[in-house]
Every structure is written in C-alpha cells, then in structure tokens.
Amino acid sequence: MSTPSDRATLRKQLRERRRGLPPQHRIAAAETLADRLLSLPFFSRESLPASGYVAGYWAMDGEIGLHAFQLRLPAPLVYCLPLLHDDGSLRFAPWRPGDPLVTNRFGIPEPDVTPDGALRAEDMAVLVMPLVGFDAACHRLGMGGGWYDRSLAFRHQRPAPPWLVGAAFAVQRVDALPREAWDVRLDAVCCEDATHIAEDIA
Ligand SMILES: Nc1nc2c(c(=O)[nH]1)N(C=O)[C@@H](CNc1ccc(C(=O)N[C@@H](CCC(=O)O)C(=O)O)cc1)CN2
Ligand SMILES: Nc1ncnc2c1ncn2[C@@H]1O[C@H](COP(=O)(O)OP(=O)(O)OP(=O)(O)O)[C@@H](O)[C@H]1O
C-alpha cells in the first residue's frame, strides 16, 4: 500500500528528471531503445503471430521517443497509437506518418477515428507504453490517470498476449515503487542501458 502523496511526489520528481535530459542523450537513447525493444523475445518468430498489432505512443512531456522503433518494426506488424474512449479505457488505431491526427483532452495527438470502432488493448500482440517511473521488478508508475491500468485489468486474470513492455530512460528507474492492487505489472521494461524482464517469464 502507498499513500497518494508518495505517488504524487515521486511522479513530480521523476517527470522533472525526465524533462531535464539533454537533447543529444534523448536522440541516442531512442535509437538504442529501438534495438532493445526489437530484440525482446516477444518480437521473435515463435512468440508473435505472422501479423499483428503493436501499440506505441506519441511521446510528450520528455518521454522517450518511439520513432526509430516504429520505422524499424518488421512489415507484418502494424504500429498503432492509443486514443481515449469516454468509457475511461484506451483504444488503439493503426497510424502511419501522414495519416490524420486530432488532439485529445491532454493535448496528445491521436488517430482521427471513432473510439467505438477502434481496437482494444486485448487485440494487440504487444503494447509498448510510456511511464513516469519503473523498478527492476517491472512495476510501472504512470501519469496518474489510470488509463493503462483500467485498459489492462484483464491481465490480472489472463496471461500474455498482449505482452506489456514499458519504455523509459534509465533515470526513471527507482529501487522499489509503491504499489496498489490495481497496478498491472509489465512483462519487460526497456531503457537505453538495460532490458529488464519480469522474473516469472525470464
Ligand atoms: N504519450 C503518452 N500518451 C498517453 C499517455 C501517456 O502517459 N503518455 N497516457 C497514459 O496514461 C494516456 C493519457 N493519460 C494522461 C494522463 C494525464 C496527463 C497529464 O498531462 N496530466 C497533466 C494535467 C492534466 C490536464 O491537462 O488535464 C499533468 O499531470 O500535469 C496526460 C495523459 C494515453 N496516452
Ligand atoms: N482496473 C481499474 N478499475 C477501476 N479503476 C482503476 C483501475 N486501475 C486504476 N484505476 C484508477 O485509476 C486511478 C489512477 O491510477 P494510477 O495512479 O495507478 O495511474 P497510473 O498507472 O500512474 O496512470 P496511467 O496508467 O494513466 O499512466 C486510481 O485512482 C484508480 O482508482
């Protein structure tokens, strides 16, 4: 258990740290991140369907970029961006550079499609998600809206797929995150200097 203020204080500190990284570090880190993500066992031939949807995100607030990853994703895999549904869950839609975008309530660009007709988290083969903080056991601290936790709650009952992967800078790592019952643990976290795989699937 944790008090709300633990999480709020940690969020503030880690978001400042994330925004404070210099541009040259961000560019190099995003390249290395792409290599690490694509080397995960979840992207091997045995773990993935011949084709499949892969959720990414549109980086904001100093988050590590996924451009290099999107560009290098093998052709049968379809890159998707999240969109906010009024029911409080995230939906996903394929997006390629040039496709129309709209801005959501947080100022984040999302594909210009109706959320009702979009894909669900359950339809993804792999979800790569942004995070504010993580620990080596693959626990995730997000922006605090609960969007990913609500959308991924089915993973409390069911194993992968979808495989859940956090993307972060190394400075976002903490020793141990305060935890809540609804937190969905990730299968892996990749950052520029390490790949962390959850103990039970390593
Ligand atoms: N790039 C990216 N996309 C994402 C997320 C994310 O963390 N990063 N999300 C992950 O869940 C979802 C959106 N959730 C969000 C939750 C809070 C805030 C946020 O900026 N809150 C502001 C103030 C709120 C406001 O402007 O109304 C803040 O805390 O400063 C943004 C996104 C879906 N898309
Ligand atoms: N499965 C769920 N069902 C209902 N409410 C949930 C669920 N998961 C999380 N929430 C709600 O979402 C709120 C925010 O959760 P939390 O602080 O863990 O967000 P977060 O994981 O940091 O954010 P995000 O996933 O948007 O990046 C909590 O107050 C919680 O009540």
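Easy rule for this one: first residue shown is 1, then count along the chain.
Placed from the backbone N, Cα and C atoms, the Cβ positions cover glycine too.
Taking the Cβ of L141 (ATP binding site) as centre and 10 Å as the limit, one finds 23 other Cβ atoms among all the protein chains shown. The ATP binding site annotation in TrEMBL covers R7, A8, T9, L10, R11, R140, L141, G142, M143, G144, G145, G146, W147, Y148.
The Cβ of E63 (substrate binding site) lies under 8 Å from the Cβ of R18, Y57, P130, A167, each of which sits 6+ residues away along the same chain. Among the features that TrEMBL reports, substrate binding site is placed at E63.
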Largest inter-residue Cα distance among R7, A8, T9, L10, R11, R140, L141, G142, M143, G144, G145, G146, W147, Y148 [record-listed ATP binders, Å]: 20
Among R7, T9, R11, L141, M143, which binding-site residues lie by ligand 1, judged by Cβ under 6 Å to any atom? M143
Cβ under 6 Å from ligand 2: which of the binding-site residues T9, R11, G145 qualify? G145
Most Cβ neighbours within 10 Å: which of the binding-site residues R7, R11 is it? R7
In the chain carrying M143 (ATP binding site), residues 6 or more apart in sequence that have Cβ under 8 angstroms from it: R11, D61, P130, V132
